[in-house]
């Protein structure tokens, strides 16, 4: 597959914290796009080119909430306790019957449906190295084994822009027109949609037309 055509596998996880040695995944959402950030809905077509939907269509993503017991949730720090409680995630986690093994299998099958070729899709997201740290652990490690070792991290692009083109940063108050606004819901689906929107903003601003 040509490198620019490599699909991007956008994943956001909500966890009990940021330490993969003791914390666990609570919620996962995944959306797959082609290299130009168009949602992929029908898998890889002829010659490895992604068949895409209208970007304005309802997202074709996959998500799940994993059951974690109340005692484990009680070990969360104040930030997670507050935000997951206010977002409704804590209650949803307690009500869920999905196991980590089921979540990992569902995520892997969803990715394979649209990106059957191993080491083809790149993991993408915001500060996605943090998600990757959890996805490298069993039973989610099979997902990372299917994906390419490289990642596309929107946060890295943002940090570069903050330093080298600060007025264009989404965090700058200047020139607000066209800049995406994050919802701040701290739920996996909305967070990954926000990441894709931010990537589209930087793509249009910095990269469209370059090298064409």
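Including glycine, each Cβ sits where the backbone N, Cα and C put it.
On a predicted model such as this, the values are computed, not experimentally measured, just so you know.
Among the ranges 168-189, 190-211, the stretch that TrEMBL annotates as region 'Disordered' is 168-189. Summed and averaged per residue, pLDDT over the domain 'Exonuclease' (7-208) gives 89.
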